[in-house]
Amino acid sequence: MAEQNAASTTGVKPSPRTPDFSPYLDFDRAQWRELRNSMPQVLTQKEVIELRGIGENIDLAEVAEVYLPLSRLIHLQVAARQQLTAATETFLGTSPSTSVPFVIGVAGSVAVGKSTTARLLQVLLQRWNSHPRVDLVTTDGFLYPGAELTRRGLMSRKGFPESYDQRALLRFVTDVKSGKLEVNAPVYSHTAYDRVPGEFTTVRQPDILIVEGLNVLQTGPTLMVSDLFDFSVYVDARTEDIEKWYIDRFLKLRDTAFRRPGAHFSHYADMADPESIAVARELWQSINLPNLVENILPTRVRASLVLKKGSDHLVERVRMRKI
């Protein structure tokens with residue numbers, strides 16, 4: 001795929017209801033889809049079905065109207081970063097070196113659809129000729145192993161910032177961005193609800209690295225992984241909608257993944273609907289909602305772009321940071 005007439009503009013203006021002093025440009029879906037700029041559809045319905053998560057309704061229309069414009073925006077930013085790198089090398093009088101990977105962060109609540117967003121971006125960005133090597137790593141692999149979480153008394157805080165090996169995550173992204181030939185990321189099993197001992201995903205000098213996780217936009221007094229992002233996406237929705245999606249997903253997992261051999265949550269597999277819903281709601285209210293309110297939602301303001309979903313799990317509005 002190649003960008004045609006990249007410097008041209010469609011003349012689409014953000015929603016007039018957005019005040020001029022807002023740090024974001026606000027687009028409804030109709031306005032945002034115009035920024036696709038005649039990009040061809042590169043996915044099939046079969047591919048979209050394979051990429052979407054449990055309970056999501058994403059289809060070819062959603063890809064065309066939301067994700068193709070987003071992939072075009074990121075493509076243009078990658079090209080601009082490559083030009084900046086070339087300008088720096090010209091200034092230094094050095095020969096072109098291994099390009100610095102463009103790093104994208106994808107954040108949002110559990111059950112909001114951030115994993116699907118990350119997978120879609122990976123596939124769409126791979127279709128551009130100028131950056132075909134796109135790797136995706138989730139921060140789940142950087143959760144402390146179950147035994148360590150138990151030792152620290154953090155099992156009930158799993159998914160909260162303190163349950164991650166932040167140093168290892170920062171070191172991983174730093175090594176990738178520094179051009180290291182091979183960098184390994186730990187692998188996490190949702191079935192076992194733990195890291196897989198001795199298993200790693202190897203990243204080899206990608207053009208683009210996507211880092212997806214609950215708390216990837218966190219800041220702190222020292223260098224954080226978010227400081228290394230070139231672009232970031234926050235997948236947003238009303239809290240009550242996310243709660244419903246979480247419960248619906250729990251019920252589907254009860255009938256599928258929880259029944260697999262060795263599943264950590266196998267004790268939920270034979271629960272009736274009323275009991276399952278009560279358990280899911282308790283898990284949401286005691287763990288996932290506090291994490292969203294205290295740690296995840298406050299990082300939304302740091303995102304380069306916010307995808308706002310409606311109750312049907314489809315994107316309704318897009319907010320793009322302008323400063």
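Placement of Cβ uses the backbone N, Cα and C atoms for every residue, glycine included.
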Note = In Swiss-Prot, of the candidate ranges 1-24, 25-48, the one given as region 'Disordered' runs 1-24
Remark   = Here the binding-site residues are G108, G113; the one whose Cβ sees the most other Cβ atoms within 10 Å is G108
Task = Measuring CB to CB from S109 (ATP binding site), give everything in the same chain under 8 Å that is also at least six residues away in sequence.
result = L214, V235, A237, I242, N288, L292, I296, L297
Coarse DSSP state, helix versus strand versus coil, of S115 (ATP binding site) = helix
Query = Which residues of the same chain, at least 6 positions away in sequence, have a Cβ lying under 8 Å from the Cβ of K114 (ATP binding site)?
reply = V106, A107, G108, E212, V233, V235
Beyond the site residues G108, S109, V110, A111, V112, G113, K114, S115: chain residues whose C-beta lies within 8 Å of the centroid, for ATP = L214, V235, I242
